[in-house]
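*Asks:* Before I ask anything, here is the structure I am working with.
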Amino acid sequence: MMLKALCLGLLCVIFVSHFYTPMPDNIEESWKIMALDAIAKTCTFTAMCFENMGIMRYEEFISMIFRLDYTQPVSDEYITVTDTTFVDIPVRLYLPRRKSETRRRAVIYFHGGGFCFGSSKQRAFDFLNRWTANTLDAVVVGVDYRLAPQHHFPAQFEDGLAAVKFFLLEKILTKYGVDPTRICISGDSSGGNLATAVTQQVQNDAEIKHKIKMQVLLYPGLQITDSYLPSHRENEHGIVLTRDVAIKLVSLYFTKDEALPRAMRRNQHMPLESRHLFKFVNWSILLPEKYRKDYVYTEPILGGLSYSLPGLTDSRALPLLANDSQLQNLPLTYILTCQHDVLRDDGLMYVTRLRNVGVQVVHDHIEDGIHGALSYMTSPFYLRLGLRIRDMYVSWLDKNL
């Protein structure tokens with residue numbers, strides 16, 4: 001009996017030491033976030049164990065968990081919800097039922113999930129897009145782009161761009177009663193990356209007649225050119241999303257080869273010919289002093305990867321690498337960043353770069369925010385933080401779109 005108790009005690013100590021993350025003092029609902037963080041890290045640990053044992057790959061296990069949260073397209077008295085396709089790309093469409101004397105606003109939303117997981121069918125994203133459509137009396141489109149690692153870059157970007165270009169066709173806008181001058185592209189996390197890249201492409205493509213009125217980027221991941229920013233160091237073992245997990249997911253966006261994440265952890269993954277790109281992600285210049293703190297900037301070592309991946313220097317994959325001329329044509333932009341987020345500095349640097357070229361930017365920074373908060377808006381895992389970010393997002397859209 002004593003031996004069993006001792007073994008149980010040791011297991012508890014190991015569990016706590018492995019999964020426990022100290023909560024910052026300003027975190028709201030800290031015990032709930034601690035529990036969610038422990039669940040996320042337990043799932044990651046289990047997935048890695050299964051991968052190391054050859055049972056299944058990491059992303060297959062996590063995807064299986066995500067799919068348990070998918071919903072059916074259920075309409076209600078206010079919104080008609082349908083799953084359909086835009087040029088063979090699955091989308092979930094939300095159409096207000098009430099009659100409108102004028103054409104409606106529209107929002108195209110790209111879900112997060114590290115390019116590998118998730119869907120517009122997830123409970124939280126279905127809730128968010130339904131709420132947006134109802135509150136704004138707007139047409140909302142949730143895009144289900146192809147996922148890595150079954151499909152590597154540029155598949156996700158190509159799907160997103162194709163869906164947006166299809167929606168912007170005059171006959172489609174007329175079909176859904178959309179005002180072509182009041183369209184927004186939004187996204188969170190990796191979806192924020194796709195929203196950014198697609199908006200850059202649409203606004204700079206002379207052949208696309210209708211342009212985007214605004215873009216909304218919610219704690220977006222916009223680069224991995226420098227994988228050791230201050231936010232990477234501060235949140236290396238961060239809440240929900242750690243630096244290692246972020247590197248693993250973005251690596252799978254490009255390749256299954258384990259050499260890439262190993263090089264990324266050392267910040268030695270960029271090719272020799274990429275030196276000219278570091279001015280676009282130089283945090284010692286682009287980050288506000290408050291976030292630079294006392295960290296010392298060191299340019300990453302180049303050529304640590306034995307082969308070159310074109311995607312690592314492509315602004316369609318890493319939109320913070322876009323040059324200034326590509327940024328000048330961008331629309332009104334809303335960017336939301338979270339303090340306790342490994343991706344925090346990507347959004348902060350993009351704010352600076354857009355303002356430097358004259359783009360109008362509204363920036364909200366959530367001092368008690370964590371990555372992926374919008375994923376926690378529905379029972380049993382809802383957070384007041386997630387609902388607060390939802391309200392900030394929809395309220396801003398209502399005033400500006």
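Yeah, the Cβs are placed from backbone N, Cα and C, and that goes for glycine too.
What TrEMBL records for this protein is below:
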type	residues	note
ACT_SITE	Ser189	active site
ACT_SITE	Asp341	active site
ACT_SITE	His371	active site
DOMAIN	107-257	domain 'Alpha/beta hydrolase fold-3'
DOMAIN	311-373	domain 'Alpha/beta hydrolase fold-3'
SIGNAL	1-18	signal peptide
*Asks:* List the Cα distance (Å, whole number) between Asp341 (active site) and Ser189 (active site).
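*Replies:* Spelling it out, the Cα of Asp341 (active site) and the Cα of Ser189 (active site) are 10 Å apart.
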*Asks:* Using Cβ atoms only, which residues of the same chain lie under 8 Å from Ser189 (active site) while being at least 6 residues apart in sequence?
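*Replies:* Listed in sequence order, they are Gly112, Gly113, Gly114, Leu218, Tyr219, Pro220, Gly221, Leu343, His371, Gly372.
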*Asks:* Just to be sure I understand the packing, how many Cβ atoms besides its own are within 10 Å of the Cβ of Asp341 (active site)?
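*Replies:* There are 27 of them.
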